Amino acid sequence: MEETDKKPKKAGARLCCICNQTRAALKRPKTFDQICKECFYKAFEEEIHRVIVNNQLFKPGERIAIGASGGKDSTVLAYILSELNRRHNYGLDLFLLSVDEGITGYRDDSLETVKRNELQYGLPLKIVSYKDLYGWTMDEIVKMIGLKNNCTFCGVFRRQALDRGAALLKVDKLATGHNADDIAETVLLNILRGDIARLSRCCSITTGEDGPIPRCKPFKYTYEKEIVMYAYFKGLDYFSTECIYSPNAYRGFAREFIKDLERIRPRAILDIIKSGEDFRIATTTKMPEQGTCERCGYISSQKWCKACVLLEGLNRGLPKLGIGRIRGVNNGRKKDINQISGAKSIESKQCGALDF
Amino acid sequence: MQLTLEFGGGLELLCESVKIHNVNVEPQNGADKLIMKDLLAWVRTNLIKERPEMFMKGDSVRPGVLVIVNDCDWELSGQLDTPLEEKDVVVFISTLHGG
């Protein structure tokens with residue numbers, strides 16, 4: 001028996017259905033194609049290029065920030081975008097933009113990964129911190145409010161922090177690493193919460209085009225499995241630890257449900273996205289009106305934006321301001337609070353790591 | 001038989017933060033060869049020190065955990081029925097974390 005260094009399994013020794021020459025290395029969830037590494041790289045990169053071109057995500061000469069957490073999705077996104085930018089002459093100026101939430105043992109480690117990516121891909125990196133922007137680190141916030149609702153603070157603050165960082169970099173657009181699995185999960189969550197405004201928004205490949213910094217999701221149709229396989233086969237350097245403060249309860253159930261569906265029928269992920277895209281909202285549904293925050297000028301459908309309400313609560317020692325229903329706060333203050341937030345605040349959103 | 005098992009994507013945290021394990025596993029239940037299903041049970045008993053539900057669901061890996069045998073997706077080699085041989089390299093990667 002001959003021994004090669006990469007002993008193929010008998011059952012796995014099938015040849016790639018594209019080139020018919022090399023041993024297949026994975027089964028693509030989208031197509032069930034059995035494909036070798038080299039053909040997979042080509043197909044994967046080409047599909048993302050097609051998504052970028054067909055949806056006109058970027059224009060020549062634009063400055064683009066890549067939201068970089070050091071995790072798998074944003075690391076692969078940074079790698080692919082710099083590659084495609086070179087290969088297809090997009091003419092883009094690419095930057096890495098990271099948010100330092102101030103979480104010891106989690107974000108400090110993942111930021112080290114982003115700093116390595118800065119060198120590996122030759123992309124300038126900008127880090128904005130909660131401490132600088134808001135005067136509080138997540139560690140300090142958790143010390144004050146405990147482990148309940150902390151993800152609400154983090155999610156609201158991150159969304160603004162990315163916008164502010166993008167403004168500092170003077171970029172035209174922000175690209176994020178949200179993948180097809182993330183989007184399918186968010187469609188389900190928005191249905192479960194009855195959040196019609198977010199449901200209609202979360203499937204758009206580009207959002208916020210009327211605002212100062214539009215966001216786009218080049219991985220909208222890309223399976224998480226393929227992103228991880230790509231990172232693994234290419235030996236990309238990414239960080240993978242769950243946030244130490246994330247309870248992840250509600251989103252966790254949705255995620256597990258999606259993954260169970262995927263095992264039975266991988267196509268389900270793209271079909272959920274399709275359902276989200278084709279959803280039509282009754283004309284009688286009242287949608288929140290978009291305005292600006294009276295305090296900081298950020299987009300807001302209320303008098304004050306969510307970040308300002310949360311920050312006011314922290315600074316006044318009333319961290320429950322702006323969290324869910326107004327419970328456990330006495331009547332005298334209740335009036336005060338309603339004035340501040342302008343209206344009933346939305347139910348707190350578990351782990352906001354994926355903001356749409 | 002000697003196998004190299006590698007845990008990534010956060011799964012290493014379930015086995016005392018050690019990523020690579022060189023192990024010796026014999027065919028189970030008197031069978032003449034080792035298959036993936038038996039290896040998973042062995043890993044769960046011998047390597048996973050906490051939160052086994054992050055690694056397994058029923059008798060397979062939890063959906064969202066990728067399995068790669070000798071650089072090849074286990075979906076191409078029969079998943080739980082994948083036969084294992086001397087010096088095989090098996091990689092488990094979780095995709096269930098932030099990106």
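Note: Cβ is positioned from N, Cα and C throughout, glycine not excepted.
Residues A:Gly67, A:Ala68, A:Ser69, A:Asp73, A:Gly177, A:Asp182 are given by TrEMBL as ATP binders; from A:Val51, A:Val99, A:Val156, that same site also lists A:Val99. Residues A:Gly67, A:Ala68, A:Ser69, A:Asp73, A:Val99, A:Gly177, A:Asp182, recorded as binding ATP, reach a greatest CA to CA spacing of 20 Å.
When the neighbouring Cβ atoms lying within 10 Å are counted for each of the binding-site residues (A:Ala68, A:Val99), the highest count belongs to A:Ala68.
The average pLDDT for the domain 'Cytoplasmic tRNA 2-thiolation protein 1 C-terminal' (A:291-321) in the predicted structure is 85. Counted with DSSP, the domain 'Cytoplasmic tRNA 2-thiolation protein 1 C-terminal' (A:291-321) comes out as 10 helix, 4 strand, 17 coil.
Each of the binding-site residues A:Gly67, A:Ala68, A:Val99 was checked for a CB under 8 angstroms from a CB of chain B; none meets this. A 10 Å cutoff on Cβ-Cβ distances gives A:Asp182 (ATP binding site) a total of 27 other Cβ atoms nearby, all chains included.
Residues near A:Ser69 (ATP binding site) in space but far in sequence (CB under 8 A, at least 6 apart, same chain), listed by position: A:Ser98, A:Val99, A:Ser110, A:Val114, A:Gly177, A:Phe239. In sequence order, A:Gly177, A:His178, A:Asn179, A:Asp182, A:Phe219, A:Glu224, A:Ile227 are the residues near A:Asp73 (ATP binding site), counting only same-chain partners six or more apart with C-beta under 8 A.
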